[in-house]
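A.B. asks: Questions regarding the structure given below will be posed in turn.
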Amino acid sequence: MPMASVIAVAEPKWISVWGRFLWLTLLSMALGSLLALLLPLGAVEEQCLAVLRSFHLLRSKLDRTQHVVTKCTSPSTELSVTSGDVGLLTVKTKTSPAGKLEAKAALNQALEMKRQGKREKAHKLFLHALKMDPGFVDALNEFGIFSEEEKDIIQADYLYTRALTISPFHEKALVNRDRTLPLVEEIDQRYFSIIDSKVKKVMSIPKGSSALRRVMEETYYHHIYHTVAIEGNTLTLSEIRHILETRYAVPGKSLEEQNEVIGMHAAMKYINTTLVSRIGSVTIDDMLEIHRRVLGYVDPVEAGRFRRTQVLVGHHIPPHPRDVEKQMQEFTQWLNSEDAMNLHPVEFAALAHYKLVYIHPFIDGNGRTSRLLMNLILMQAGYPPITILKEQRSEYYHVLEVANEGDVRPFIRFIAKCTEVTLDTLLLATTEYSVALPEAQPNHSGLKETLPVRP
């Protein structure tokens, strides 16, 4: 056979063998890559959590202009106010280099204006520095000193605490905080004493008082209205009263929203008739029973059950589902501990609310359940249940966020303020020339009876 023919015949065989070898090599590499991907599957949950946290951080950066802030004393600043002139700062976003430079320049100008005695200008410049860079520790400390000089001890202490949250070993802030902390604790205790005196006045109102009975009835409807409105429910006060009195639906309104009202009513009835006067510890089962009623008319599958999925709540990542039950057990132990019982009732109730909503044990209804637990603690201590108004929603969420960042005292003060407002309302409504709460109109004109809301 000619050589050319041999080569012509052998070449395809050589190409075929080489092709198979190449494919086997590629297949081995692919299998190796697949094996490398499969090996870490045992830790897939931790990886998912890391991804969630990364996504959460990215979202917070993208949304840095959409942070919820409460009303300010000055429209030119993003510092929110809870009581007095306490500014609440959030440092969830990374400040740009240009922002840091502007903040430093503003701080230097503020100190110069302060030295010259131009305190109003200095105040605005301090605010501007912190607006540009909320995590500027030196500005926080210097503004704290300025606030002390203005006799605003609570704001000064908050600013020092904020600085130490960011930089725990900042020497000047440590010294300043050591000076203001006992003063602030005294101020808080004095405020609790004022609340206690008002509680005694409310307790002295005759139980048969028709005015007290009337205002308590209206307060009941108002509480349901505001607590569901905070979560986005659009029903009016009159519509809520119609639903609870007739058990008939309001036409044109979401049945889910109406069932939220029925659930809140059922949960409040359960607390009032079963838990308030009961002697003994508050248990996990008690909280599950409250939640079962809160959510039972909207989502009976999830009602009274701990969540089984990871959730994100604003900037807060609650505990992993596998840790929820353990954390709830620890929370319940604290709830019934001597340390908790020795707290002022308002402080105890506020901390219980915060701790439960921090764990976020349920897929939905955590806020409503936390507010009900808070009121259960207050009522067991002889206080009336309090209402957080829907108009306070931004402030309410903001002080919760500040608590997540390490300072729960603004949230406690917020709850104390709500408690005092509730007490003042009861006292005002039971005086001779009282102005009671605006009543929900009993004549439901235009509200036709339709299919009953699920009982």
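The backbone N, Cα and C atoms fix where each Cβ goes, glycine too.
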A.B. asks: According to Swiss-Prot, motif 'Inhibitory (S/T)XXXE(G/N) motif' applies to one of these ranges: 41-46, 137-142, 221-226, 227-232. Which one is it?
C.D. replies: 227-232
A.B. asks: Which one of ASN272, ASN443 shows up in Swiss-Prot with the note N-linked glycosylation site?
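C.D. replies: Of the listed residues, Swiss-Prot records N-linked glycosylation site for ASN272.
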A.B. asks: List the Cα distance (Å, whole number) between HIS360 (active site) and GLY367 (ATP binding site).
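C.D. replies: Distance (Cα to Cα, whole Å): 8 Å.
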A.B. asks: Going by a 10 angstroms cut-off between Cβ atoms, which of the recorded positions HIS316, HIS360, ARG371 has the sparsest surroundings?
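C.D. replies: Candidates: the recorded positions HIS316, HIS360, ARG371. Fewest Cβ atoms within 10 Å: HIS316.
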A.B. asks: If you draw a 10 Å sphere around the Cβ of GLY365 (ATP binding site), how many other Cβ atoms fall inside it, taking every protein chain shown into account?
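C.D. replies: There are 27 of them.
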A.B. asks: Least buried of the recorded positions THR180, ASN272, going by other Cβ atoms within 10 Å?
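C.D. replies: Among the recorded positions THR180, ASN272, the sparsest Cβ neighbourhood within 10 Å belongs to ASN272.
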A.B. asks: Taking DSSP three-state, what's ASN272 (N-linked glycosylation site) in: helix, strand or coil?
C.D. replies: helix
A.B. asks: In angstrom units, rounded to an integer, how far apart are the Cα atoms of ARG371 (ATP binding site) and ASN272 (N-linked glycosylation site)?
C.D. replies: 14
A.B. asks: Of the recorded positions listed here (THR180, GLU231, HIS316, GLY365), which is spatially closest to ASN272 (N-linked glycosylation site) when Cα positions are compared?
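C.D. replies: Among THR180, GLU231, HIS316, GLY365, GLY365.
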